[in-house]
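What TrEMBL lists as transmembrane segment is B:28-50, B:56-78, B:85-101, B:107-127, B:134-156, B:176-198, B:228-250, B:262-290, B:302-325.
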Amino acid sequence: MQWLDGLVQGVLLGGLYAQYALGMALMFGVMRIVNITHGDLMILLALTGISLAATFALGPWTVLMVLVALGAILGLLLQRLILNRVVGADPLPSLIATFGLSVALQNAMLQVWSADTRSLGGGDIAQASFQLGTLYVGVLPVIVLATATLLTGGLDATLRYTRFGRSLRAASADVEAAAMTGVNPKGVYAGATAVAVAILGFAAVFQSMRATVAPADGPFQLIYAFEAVIIGGMGSIWGAFLGAMVLGISQSIGFRIDPGFGILAGHLVFLLILALRPQGLLGKD
Amino acid sequence: MTDALAAASTTTFDGPRVRVQRRTTSSIVALILSVVVLVAVASMPLWASQGLIRDIVRLCCYIAIAQMWNMLAGYAGIVSVGQQAFVGVAAYMMFIIAQLWGVDPFVAVVLAMIAPALLAIPTYGLLHRLDGPYFAIGTWVIAEVMRLATSNFGYVNAGAGMSLRVMTGYSATERAVGISLLAALMLLVTVGGSYWLLRSRYGLALIAMRDNPIAAASQGVNVSRLRFLIWVAAAVGTGLAGAIYFMAQLRITPPSAYDPNWANIAIFIVMVGGLGSLEGVIIGALIYFFADRWFGQYGATYLVVLGLLTLFMALFARGGIWGLICKVVDAPWFPTRRTLVEERQ
């Protein structure tokens, strides 16, 4: 019973991780860049949302809309001011640039919001739950999972069927060839970063409703997103979703074996997959 | 091969006689200064106070860790943000060997180097499957795994950490002598060793690899093997600095041993000082050391500035301060270039 509960809670936790992982998979697929501020931007959005909600007495869904819009703007700025200058075959400049920004962001947030953990009041939804057989399942985690599924499906459909999606896929296959056929790489990169950070707006609201956020949490979220992407298979959007589920389940089961073992179990499953199936669960050989 | 070339150049080659020049006036001055510095570090108990010794040992550890990161990022093309894994594992191994197994702590520092080497080998085996930027985040996962595993490991007192109580067997003076000699040895191994490596045949291969790995491979450089060797060597060098640092601290806990700040420091020093040069590391380490002393009290604001400075360097001045200096004056302290000079007859 305990294990079934662990499995269900793990899948629900995976819904949250999927929302971190989607943007990372998208940005890496298109630009071959890993944005180390990925987790810190999520925390920045979450803390901004909590302050907005407290100052203007906004409900969580209004905050969500504001944060998604704000995320898109932040993404565009990040692309315009920093990533455009470091995108290229050499991974060092983009890693170091975003690494420096990450250290700066974490400490700036520490100045503004102090080291306290905060959360966003979700009203009745945050506490509501329903019974499923012998298990109790929270309403909010189910909403999170449903949102993650919709986001994944939506992103996948965008990549498959829209003009923007086609140019994204063309740029990720070969950026120079794509430029020759009329795709503007800078426009595509800006679009991908904006979408990736906008998705973090969803993650920010749900993370701060489900749990707590503190300025130093960013690197952990970055690592979870990364592990989900690698477990699922680089370059696959549904792979990132599946990887997030595997990671969520591993942590949830590990946590039930020993509370000190939860996060570690997630890392170990990641390393195991890397050893046995380095192309990821859905990756092609 | 070399004989054949030499013969060819003397018999059939009618052009000017040439020789390869590697030393410059600035390098001779720097070499003498380096020896003076090494002797000064080794003889610290004769001239420095306890507090000064502690500060200089800390500076030496920064230089060592940064230089190891520089070899990885500047030459092998490997970016790691998880070097704290090796700092922590070596320091913990030293505490285990000295405190739990009863070996002399100064011997334990050397014996403990087996731990970072043993960690580096499977780590590379797993992570080299990942694409460039993902490799970097992978190293972070390894460091997190080590931190969490150590925090759950009762043998090393889990999250509460350990104290190096066996050091009470030595007087304060004996400890100062031991740690000064170790610090000098560490500088010799990490900085001197890197310089020696860069001037050797392997240095040519490394520089070729830095400029273009594919072209280097086509010239017969075994790029993947060389990367692996540099990765392991850098792990050991980083571990040596970790073991010496925590020996001076006399106390270790998982969060301090596996502190991501180790990677921050290495990256800041190398990026601000100058990637891919030994001079840059020394400049960067001195800047960091004094910035930390003068502005460390401002805490978070100071770290915001450090982070932004790293970002700025990555965007606009990838050669760091040493790169900017080189544009003005050409006086390398540790030249690795081979200059072809025409002999006057």
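Each Cβ is built from the backbone N, Cα and C atoms, and glycine gets one as well.
A TrEMBL annotation is a machine prediction, not a hand-curated record.
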Would you call the transmembrane segment (B:85-101) and the transmembrane segment (B:176-198) in contact, using three or more Cβ pairs under 8 Å, pairs 6 or more apart in sequence?
-> no
Same-chain residues at least 6 beyond the ends of the transmembrane segment (B:134-156) with a Cβ under 8 Å from one of its Cβ atoms are 78-85, 88-89, 92, 95-96, 100, 119, 123, 126-128, 162, 254-255, 257-258, 260, 263
Does the transmembrane segment (B:228-250) reach the transmembrane segment (B:28-50) with at least 3 CB pairs under 8 A, where each pair is 6 or more residues apart?
-> no
Contacting positions for the transmembrane segment (B:107-127) when only residues 6+ beyond its ends and CB under 8 Å are counted | 85-86, 89-94, 96-98, 135, 138-139, 142, 146, 182, 228, 231-232, 235-236, 238-240, 242-244, 247
